């Protein structure tokens, strides 16, 4: 008598799929299901790495050619301009991205044209206001008299903010083209710096080249958007622009608080301890910012998707992943702190840089989780007022520290 195996026996005798293979299949499925989010995350991360690491790449060249004192003066002057950049951008990027993600999903070209027109018009009005405020500051504030040329050259970057369409590329989830534009303009800027920035007297020339690069990048990106999207743009009335600005005001106030904390600290360090000390602090901040921007852009890449399909389970998964990412980045930077300082040529001032570097590295997980709640929980649900209150409380805590 022959024994025939039942289908159940066959299934029981089959060896289970190895755990690593299960994990690999799940990972591949997750990547395929989130290909667009992953692509935008990588593109945005590379853009921010490019912008941050570019300054690190040219840092040794600038320090060698212009000196720490002149470089610190540039950081000091641009810290003033950062307030005007914050005013012109006004938190409209996040508002525009949220509306645009919905219009793009619905295929609403009229809606995309309208929100783009509103943002451009609002920023034109804010640019005019910025110039009115900037003029008396640069002409009549005595402590800034030595930095007038740097201030004027840096203010050109504010003009680029009006037409910079990074928010549009994020909203339609097509950031790869914007990455290519950034790479091309940064390469041109690097060549120009190597050829034309040679002495401390050329610091203003460097700032002019950097501002021109920003304007060129914004112009090319905006031109591409107009060509590809076939938008119909118009100048929006001041009244309608004010309505959009009112919606964005809580975000603007939140960003303003962050600007006061960051740019304000630069101004305090430069005024009290000199431009060389400011250069050392700025170097530490740039190193940490490279990692911080990479991780932070995960929130930006996820924002269009989360804002249109928000679930608590998904938010919990993202939170766990970002916390682990922040801890891993913190540990890696702490282990590599001294080699980074020496490789970048700042060994002689290691005692000045190392404590600040380690402190800012330890804050990476906190910054990342804070950004997660602000961007993917509060802003994604339109809770802009709570975002401002959060930033205001953090500023109050800093002010209470003796």
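Glycine residues also receive a Cβ, built from the backbone N, Cα and C atoms like all the rest.
Predicted automatically and left uncurated, TrEMBL annotations should be read as such.
The feature transmembrane segment is assigned by TrEMBL to 41-62 (among others).
Residues annotated as transmembrane segment in TrEMBL: 74-92 (among others).
The transmembrane segment annotation in TrEMBL covers 124-143 (among others). Beyond the ends of the transmembrane segment (124-143), by six or more residues, the same chain brings 80, 84, 87-88, 90, 151-152, 155, 158-159, 161-162, 235, 238, 241, 245, 271 to within a C-beta distance below 8 angstroms of the stretch.
Among the features that TrEMBL reports, transmembrane segment is placed at 149-170 (among others). Same-chain residues lying 6+ beyond the ends of the transmembrane segment (149-170) with a Cβ under 8 Å from its Cβ atoms: 40, 44, 47, 73-74, 77-78, 80-81, 84-85, 88-89, 92-94, 96-97, 100, 116, 119-120, 123-124, 127, 130, 134, 138, 177-178, 203-204, 207-208, 210-212, 214-215, 217-219, 221-222, 225, 300-301, 303-304.
Summarising the annotation, TrEMBL assigns transmembrane segment to 177-199 (among others).
Packing against the transmembrane segment (205-227) from elsewhere in the chain are residues 62, 66, 74, 77-78, 116, 150, 153-157, 159-166, 168-169, 177-178, 181-182, 185-186, 188-189, 192-193, 196-197, 233: each is 6 or more residues past its ends and has a CB under 8 Å from a CB in it. Per TrEMBL, transmembrane segment is recorded for 205-227 (among others).
Taken from TrEMBL, the feature transmembrane segment covers 248-275 (among others).
The annotation transmembrane segment is assigned in TrEMBL to 287-311 (among others).
Here TrEMBL flags 323-344 (among others) as transmembrane segment. Under 8 Å from some Cβ of the transmembrane segment (323-344) lie the Cβ atoms of residues 56, 59-60, 283, 287-288, 291, 295, 298, 350, 353-354, 357-358, 361-362, 364-369, all in the same chain and six or more residues away from its ends.
Annotation comment: TrEMBL describes 356-378 (among others) as transmembrane segment. Only residues 6 or more beyond the boundaries of the transmembrane segment (356-378), in the same chain, are considered here, and those with a CB under 8 A from a CB of the stretch are 94, 254, 280-281, 284-285, 287-288, 291-292, 295-296, 299-300, 302-303, 306, 315, 318-319, 322-323, 325-327, 329-330, 333-334, 337, 340-341, 384, 386-387, 390.
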Any residues 6+ beyond the ends of the transmembrane segment (74-92) with a Cβ under 8 Å from its own?
119, 122-123, 126-127, 129-130, 133-134, 137, 144, 147, 150-151, 154-155, 157-158, 161-162, 167, 203, 206-207, 244-245, 248-252, 254-256, 259, 262-264, 266-267, 270, 275, 278-279, 282, 384
